[in-house]
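Per TrEMBL, the features are as follows:
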COMPBIAS  178-189  compositional bias 'Basic and acidic residues'
DOMAIN    38-97  domain 'Ubiquitin fusion degradation protein UFD1 N-terminal subdomain 1'
DOMAIN    100-174  domain 'Ubiquitin fusion degradation protein UFD1 N-terminal subdomain 2'
REGION    174-237  region 'Disordered'
Amino acid sequence: MFSFHVFEHQLARGFQNRFSTQYRCYSVSMLAGPNDRRLNITYPMLFKLTNKNSDRMTHCGVLEFVADEGICYLPHWMMQNLLLEEGGLVQVESVNLMVATYSKFQPQSPDFLDITNPKAVLENALRNFACLTTGDVIAINYNEKIYELRVMETKPDKAVSIIECDMNVDFDAPLGYKEPERRPNHQDEPTEEETDPSSYADMDTGFRAFTGSGNRLDGKTKGIEPSPAPIAPSDIKRGIPNYDFKIGRITFIRNSRPQPKKIVDDDDAMNRFIAFSGQGQSLRKKGRKP
């Protein structure tokens, strides 16, 4: 008996907040037919929201049926798309949307480009969405920062379902983004001042080989030549730039100059050296008998 009373006490404590209400009871024959009970709703359940005062509309899914009767709760960014204030009236209709195949977004701030992989971040955030509507501005949360993106285009329709779909995602340039200016790589032609040798008077000649002075072991200074004098500006010759230079191509220019041709006279041509053209001499004298 003691254990029975303990069990009864615990059972009573567990059901203090139990559900209790009253219903009117009818027989099964009074039940309405299946055509009268049907709401023509397909799954997943998608809805069209319309603000008749501003003629704005969007689409959404349902998260839970926990709101009080006659009340619905929407994200703040969705209420901004509909131009709704707190407590405003919205028309809710069930719809069937086509599955998305393509969508294009425009970030509303250049800060979205600071994300290392924006496409992966967006695809991960879209898992919390049921559908997309062209013209809406959605908000995603990443690294404790809210990023807004405008839906520029959706295919195959202006409103599509993105639940369990294979969708290609593309981006437009962010709002207010400016491309960096590119500087031209061409060089200006040299002016007369640059070609003037006197402009090289203050030029640092840099390293010059064999310009030091020598020292003798006996301490004498005889035969020791002083260091050469610095190069005069008039001795500096500026090279001619190669205006046909192309990136990735190396051209070797040699400074050898062709020797001028000498004019050869006829007499000089006769006195030219000819190999094996000499005359031999004999030790015997001709006309003498031994």
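In case you wondered, yes, glycine gets a Cβ from its N, Cα and C as well.
With DSSP classes pooled into helix, strand and coil, the tally for the domain 'Ubiquitin fusion degradation protein UFD1 N-terminal subdomain 1' (38-97) is 7 helix, 17 strand, 36 coil. For the domain 'Ubiquitin fusion degradation protein UFD1 N-terminal subdomain 2' (100-174), residue counts in helix, strand and coil come to 16 helix, 33 strand, 26 coil, using DSSP. Across the residues of the domain 'Ubiquitin fusion degradation protein UFD1 N-terminal subdomain 2' (100-174), the predicted structure has a mean pLDDT of 91.
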